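Below you'll find the structure, written out as structure tokens, and then a few comments.
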Amino acid sequence: MEKSTMSVILFVLHLLVLHLQYSEVHSLANTSAHDFSYLKFVYNATDTSLEGSYDYIVIGGGTSGCPLAATLSEKYKVLLLERGTIATEYPNTLTADGFAYNLQQQDDGKTPVERFVSEDGIDNVRARILGGTTIINAGVYARANISFYSQTGIEWDLDLVNKTYEWVEDAIVVKPNNQSWQSVIGEGFLEAGILPDNGFSLDHEAGTRLTGSTFDNNGTRHAADELLNKGDPNNLLVAVQASVEKILFSSNTSNLSAIGVIYTDSDGNSHQAFVRGNGEVIVSAGTIGTPQLLLLSGVGPESYLSSLNITVVQPNPYVGQFLYNNPRNFINNFPPNPIEASVVTVLGIRSDYYQVSLSSLPFSTPPFSLFPTTSYPLPNSTFAHIVSQVPGPLSHGSVTLNSSSDVRIAPNIKFNYYSNSTDLANCVSGMKKLGDLLRTKALEPYKARDVLGIDGFNYLGVPLPENQTDDASFETFCLDNVASYWHYHGGSLVGKVLDDSFRVMGIKALRVVDASTFPYEPNSHPQGFYLMLGRYVGLQILQERSIRLEAIHNIQESM
């Protein structure tokens, strides 16, 4: 048997073993207050004492950046730079009830939610706070699809992956109560044929299940910032309201290396920080922020950067390309009687679509980006928001600069939703399944009128097409009613911008660790994977340095 074939077989067997380990859910976090113990080593970027030399500088205190910085600080001096502020200044970020409020709050340039409209004309948001997206999202937690790892171009230590998930889950993940509306929607998914019933599980598997949540059963949010508590307070410094303007590079172009960063504080003053020998700059600024910073620093398409008068440090045609966002299509139903508000805890998973629902109280101000545009009609009573997500997707766009010098000016974003016909076909399948869902006995009590089919429901916005065989009507529905799922990824892909250790190709001491690294979602709700990724890469870096130091020691001993 050929060596390559044997390697594939061994890898698949390893995946199966890991899958069995996944199935045994270990103890998760307990209900508790959000743990802000780490604030003792958080500083405002105006503090000039932060300027200096570090072993590692991590740019972006978000989903991957927080666990990465905490892990590296176990052995080395680390500076974590975050453009936003801390959650204590915005207490609504810390509760499940505050999820919609955070999207409603006007963007003043400092609030946790930064608004933007993509060039597709669709409303979107991104995080601007320590903890990143984990502070503003819907709290859904799951592990990656077990097949995802073999598609990434990375050689994973799957035992370490499993232990790293547990490290995250022990701190910030709970088993949620099966809230009344979530229980109803779960019964509906099963009755509509999204089988089997997988009970409670963190695994991404076909079927219906109750999954983990970063909201505990008191409604308190837990998030990536709490993982900073696992860092060494003697080694870890966190600077908030620090906008990194540019990565600094060595003057030796034949041995190009990242040596530090320039960042600006909230007063507009500029600061510098540097990395020591064998240290690294690691960019974890997210799918939008990371390619933007690379481009501003001179890493990207040569002719494009030159046209903006940006000095080209390392040409790479793929920086900012292959940008993805999963389309979200939905229906909104008004039940005849009020339903309690709930966040997403039940998932319906198929290979060609993922389905969830949340229930909401009425509001007079629309949560920005929950609906495709601000002109969408407003609910006057409690309603159910029932969603179908397209996996992948295959359609992709790009990040381009809106300013060649100011990182605080948001870049231009285009996702090209449904430009790939497979994505559109998957949307049609998903929306037809929502039609099946509406026809179930589980949802019968939520009709406003006792008539057959789906006409008995009161809809907010566009109703679902009645004729399940009319693909053209469903395609039109998908195209005309697409919204953002906020699951941005790509822009700095492994194999195109990064090597298989997440190093930027052609540059020493520079890595990227965040959602910009892969061209597809690891699962239906990716925050679990990217929390794991930060810790995982941190451990890999510590292991690399340990091996290097041991080799140097052995050489010295032999002399």
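Each Cβ is built from the backbone N, Cα and C atoms, and glycine gets one as well.
Of the residues Val244, Val399, Val428, Swiss-Prot places Val244 in the same FAD site as Thr63, Ser64, Glu82, Arg83, Thr133, Asn137, Ala138, Gly139, Val140, Trp486, His487, Pro526, Gln527. Of the listed cysteines (Cys66, Cys478), only Cys478 is recorded by Swiss-Prot as the disulfide partner of Cys427. Of all the glycosylation sites listed (Asn30, Asn44, Asn252, Asn255, Asn467), Asn44 sits in the most crowded Cβ setting, with the most other Cβ atoms within 10 Å. Long-range Cβ neighbours of Val140 (FAD binding site) (same chain, at least 6 residues apart, Cβ-Cβ under 8 Å): Thr211, Gly212, Ser213, Val343, Val344, Thr345, Leu347, Val356, Ser524, His525, Gln527. Taking CA atoms as the reference points, Asn252 (N-linked glycosylation site) and Glu82 (FAD binding site) are 29 Å apart. All protein chains considered, the CB of Trp486 (FAD binding site) has 17 other CB atoms within 10 Å. With Thr63 (FAD binding site) as the anchor, the candidate recorded positions are Asn162, Asn178, Asn420, His487, and the one with the nearest CA is His487.
Taking the C-alpha atom of Trp486 (FAD binding site) as reference, the shortest distance to any of the glycosylation sites Asn30, Asn44, Asn218, Asn467 belongs to Asn218.
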